[in-house]
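The structure appears right after this line, and notes come after that.
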Amino acid sequence: MTGKKLLLIGSGGREHALAWKLQQSKNVTEIFAFPGSIGISQLEKVQLVNNNEMNLKDFKGIASWCKINHIDLVIVGPEDPLAEGIADQLKAANIHCFGPSKAGARIESDKSWSKDFMIRHHIPTAQYGSFIDALKAKDFIRNTPNALVVKASGLAAGKGVIVAENIEEACAAVDEILGDHKFGTAGDVVVVEEKLSGQEVSVLGFVDSNSVRILPPAQDHKRLKDNDEGLNTGGMGAYCPCPLISQQELDIVKSQVLQRAVDGLRKENILYNGILYAGIMLTHDGPKTLEFNCRFGDPETQIILPLLDEDLYDLMMASCTNHLCNVPELKFKSNINAVGVVMASKGYPETSTKGCVISGIESVETMDNHIVFHSGTSKNNKDEWITNGGRVLINIALADNLKKAADLATKACDVVKFDGSQYRRDIGKKAFQIHSLTYKESGVNIEAGNSLVGRIKSLSYGTHRSGVVGQIGSFGGLMRLNDIKYINSNGEESNYKDIVLVQGTDGVGTKLKIAESMNVWDTIGIDLVAMCVNDVLCNGAEPIGFLDYIACGHLEVPTVATIVKGIADGCRKANCALIGGETAEMPSMYGKGKYDLAGYCVGITEYDEILPKINDVHVGDVVIGLPSSGIHSNGFSLVNKIFQQTGFKLTDIAEFSDSHKSYGMEFLTPTRLYVSETLPFLRNGYVKALAHITGGGLLENIPRILPNHLSVQIDALTWKLPKVFSWLAAHGNVNANEMLRTFNCGIGMIIIMPRNDIEWETIPEARMIGSITQRDHNGPQVIVKNFKEVLHKEVTHWKKGDAETTSISYKDSGVDITAGNELVDNIKPHAKSTNRKGVIGGLGSFGGLFRINECGTKFEDPMLVLATDGVGTKLKIAQQLGKHDTVGIDLVAMCNNDILCNGAEPLTFLDYFACGKLDVNVATNVVSGIAEGCRQSDSTLLGGETAEMPGMYNPNVYDLAGFSLGVAEHEDILPKKNCLEVGDIIIGFPSNGVHSNGFSLIHKLFELTGYKWTDIAPFSAYGKTFGEEFLEPTKVYVKEISPALKTGYVKALAHITGGGLWDNIPRVLPYNLTAELDAKKINISPVFAWLSLNGNIDKLELLKTFNCGIGMIMIASKEHELEILKSLYGSRASVIGKIIPTKPHGHQVIVRHFATCFERVERLLSIPKKRVGVLISGSGSNLQALIDATKSTNMGMCSEIVFVLSNKAGIFGLERAAKANIPSTVISNKDYATREAFDVALHNELIKHNVEIICLAGFMRILTPCFVNKWKGKLLNIHPSLLPKYKGITAQKDALESGDNESGCTVHFVDENVDTGAIIVQEIVPIFENDTVESLTERIHVAEHIAFPKALRLVASGYVRLNDKCETEWA
């Protein structure tokens, strides 16, 4: 075949793309472009036609030129020549033209005709009217109920469409088009049509007189600015394929829009060979046609053609010759996406700026999978690319997913630079932006949670006893110890004096699986209480308070309310108040209908009544056994394994049941509570020890109360072995020793008493089952005589013939006692590292003991504060990444921050760790984090529970619950609601990121967007992965807030946890007061902006779900503001709002400017960081603070340190720069004859490193006015005083000599004078009575390390600038 010659008419980016694709055809040898462009001329097969050879308006001349030059095909890019009839003239000359006839082009050039055509041929479109009379058009508008779009009927370069917001705008548009003739003759007729709602998609197809071959759908972006704001343009970018249109909808467009159009044109004898472009709106009623275009779209063409896996010339010829029917469905690159971002010149679309030099085009063109198409470029006499139009060029990127392609294309625009360039950073966002996510859609139902709280409050209230203060729903449960009395050994009512608090935590293990299978939940709560209360009892303590933790996949309010009712029943039986709890809905960790429970009990006893009295236990003491009610709550993994292996069903009638109950109902018999019969018995002082027979059975639990040299000998003949145990032994072939090590075997509690004491006989069903003996050297501490024989006899009853079953052990069922013991050994050092005064004993006993009188604070009227929480689905990230060392900090922070909100000092902490298979290393890492959290909050890790529950958790999954106890004086308890008043200030404490709430929503977002935890987080300040950023631990506020609590001026604290700012602040307010916050004073972390953008999360939903940058708020009187802030120096806390009256029916939280500030942070995500240079002369402590801040995502610095310059060699500041991999240099002022010469050298070096902002961090040189003026508004300095006080180098000394009670530091813009520039930020530092210059200086340094990063952030982000009057101006 002879090589084909083509003529391409047009000069823009669309034509560049067409030429680029056509030259890839093996059939094409030459492409003539007219008028073309220099960009198009760079293509190998292209040559430009000289303007002297042709006139674009002279179609006969063009046809003649084609004949002379043997042109095989003419491709017409723009619509104007088609509308004027170029195709007709060429076809008349027997020249193939890819483009419709003049009559066919009318489908675009005459919108009134086009709308009528759609109606005639039943093409789905909007209702409309066409007018030449403005009055009639406006009358139609005023009488139409729908929102409207006003269009100039003719060609208006893509700008003649006005989407009216209201009737007035629509009428004004009519006046502009018909009255002012804004679009010339294109506006002789105006079309007014119904405004359709939905996503707009471009669908193009090759067509001839019969057939359609569809191209992949694309989406154009018409508005100038991000988020579809700004003026209408010809198109600022596009992407393809567009996933917003379904295959079903695309089929409708092909058949009911494009094919009907082709059929209609044929029926009306209109020639149409070319591209038919349909602008489609995806409405609720299906796809509707907005408009037709008669040519390739711009910029859609530029992103569709790189995906086309066909010969474009062949397709065009098939269209021109009516042979499309012979072309199979088109092929495109598989799993490839294309995104194009248009770069426009300054002033576009109203004007264009020409002649600006463009750099970076060649750099982008050399990148893999990048293409640059020129729309409006030229070259100057230096052979440099320059701007030559409104839309200058389009950067195309191809990638295997749309987000990546969009990111690459946008970053390419950062490489290509020219003065005044405009481009959008959100091209393609609509495709991967999911619908507006809510917390409820992620599986967490806040309303259900609130409903549950309402239902269980009465249950909780029914358990209250003396000492209880407040009710469920606050930040902790409160008990007033002075109100708790007991009957002493003399029978007198007495207050506790030397108080020891005994705390225990436990769960109910895989007994939950039985409850789940049977769907019977009313007694499992009793088990939970019994497991904790009985342990506390073993230390001689009276149980007084209880907390529960309930985790589930889906909160079914009736089920959880039933569980809590059981908990309340247990608490009433134990005279132990249910004063709080946590219900954690975690859809990505638990399946629907799946639950886990953990409980915590605190008891109270006198120091000299603590049990066990190990030193008082002697040979001959008697062992009393209290019968169990059945299996209780241990060993159920073995029970479940036996059922799994034998095939019995829980719903079958149990062979061992005397009351014909099913196996499930027998197994669900609740654990026996021993408080009521045992507690009075403890008061006589004869009891030496108690042992609760739980996990580990008789063999493991009794030794916990014995000295090493003694043992217990008990006789199985002294009590009746319940049938359930022999049945289990028989069907699981479990040996006697395994039974004794796994189950209670009928004895739920052991009491050790003196030999001659017979008071135990008053306890119902109590049995003397043995005595204390001398232990054989290294022999067992528990000897159970006759048990093997008793068990064998009972087992025989259940055996069927000679059938033997496989022997099953507890380890076989998935529970490894050895691993559990290894873990205890591993974590003991971690727990010990947290010890503080008051701790008694260590890990491994039945409860954790704490002596209040030794804690370091003397309490007159102590209040106990109890709190519980978990870490939620943040755990899932840790588990997927195998990073377990920080979630323990989260656990402690979530609990101890709540304790703090009551004005209390956290003292002790207990953890609950539940897993499917115990990995000792993982659990050790988790507990090491818990210990670190305890150290950060000065609380002690007093104990915990590790529950290995095969079948309830997958092997690599675990859940955590924490229980914290704090103490405060009664008069210091917060919130002081009665003291709150209008005008009080609200102080905000910055968060450390997301903390530990809202992660179910984050998981849902990741599920929908396809992000991975190992991907680099776009919002990260230091290139960390999503996983690393989201695992940043929750901030512990104890140490920074404690000094403020000691002032006595704090009225309330609110921990911003689940429910966000919206729901947590009202928890500390009376109904008549409202918190008014100012978002301009909150440093909103970039992570929240990223979540908002990518999850399309409504701003109110953000406030209801996340902390949004504030992890704790404090309320105090305005008059005490200075004292409070002085006590908080070094904490980054600041005033963010005030208390105002509540409006009728108003919410109790108002966040002013929230949407505006959030959107600003969202925009900052896509803006390159400001490049910062730091000038130093010394150790560089402020440099280090700036380095640390710019590497912290949560600081949101919008800047990076790219260069450090020193005027002195060998200083420590340079080492800091080197360690941070920041380039540095030394320019000594001694090497220059004048200050001016030195400053010129500084300036040149800073420019060389593209520095945009300079920070003077201890730079001991006075800069010249010339240098300062060059960097005006970009030069920051820090000074160690509250300017304008005490300028110069003796500021600290001056402050002390003046007798001031506060000093501080100031960050300011630098001007020509010393320390006189406009102030940006100040931090207050208190001056103490015995302060010296050195001590004050040291404290000011701490404040500087907060103030300088804060000021840099404000300037780099554009929140603060220096105006023309040299004053600080806030955005």
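Glycine is no exception: its Cβ is also placed from the backbone N, Cα and C atoms.
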Subject >> Recorded (6R)-10-formyltetrahydrofolate site member, picked from Asn1221, Asn1250, Asn1277, that accompanies Arg1235, Met1260, Arg1261, Ile1262, Leu1263, Asp1311, Glu1312, Asn1313, Val1314, Asp1315 in Swiss-Prot >> reply: Asn1277
Original post:
Can you tell me how far the Cα of Val1342 (N(1)-(5-phospho-beta-D-ribosyl)glycinamide binding site) sits from the Cα of His1279 (active site, proton donor), in Å?
Top reply: 13
Original post:
Rounded to an integer, what is the Cα-Cα distance in Å between Arg223 (ATP binding site) and Glu291 (Mg(2+) binding site)?
Top reply: 18
**OP:** Among all chains shown, work out which of the binding-site residues Val1342, Ala1343 has the most CB atoms within 10 A of its CB.
**Re:** Ala1343
**OP:** Please state whether DSSP places Glu200 (ATP binding site) in a helix, a strand or coil.
**Re:** strand
**OP:** Might you list, by sequence position, any residue in that chain lying six or more from His1279 (active site, proton donor) with a Cβ less than 8 Å away from its Cβ?
**Re:** Lys1287, Ala1291, Cys1305, Thr1306, Val1307, His1308, Asp1315
**OP:** Provide the three-state secondary structure of Glu193 (ATP binding site) computed with DSSP.
**Re:** strand
Original post:
Among the binding-site residues listed here, Asp1315, Glu1344, which has the most company in the form of other Cβ atoms within 10 Å of its Cβ?
Top reply: Glu1344
Subject >> Candidate nearest Asn1182 (N(1)-(5-phospho-beta-D-ribosyl)glycinamide binding site) in space, where candidates are the binding-site residues Glu194, Leu196, Glu200, Arg1261, Asp1311 and distance is Cα-Cα >> reply: Arg1261
Original post:
Near Arg1261 ((6R)-10-formyltetrahydrofolate binding site), which residues of its chain come within a Cβ-Cβ distance under 8 Å, counting only those 6 or more away in sequence?
Top reply: Ser1177, Asn1207, Asn1229, Arg1235, Phe1238
Subject >> ATP site span - longest C-alpha distance across Glu193, Glu194, Lys195, Leu196, Glu200, Arg223, Asn232, in Å >> reply: 20
Subject >> Cα-to-Cα gap, Glu291 (Mg(2+) binding site) vs Lys195 (ATP binding site), nearest whole Å >> reply: 13
Original post:
Between the binding-site residues Asn232, Asn293, Ser1181, Asn1182, where is the Cβ count within 10 Å the lowest?
Top reply: Asn232
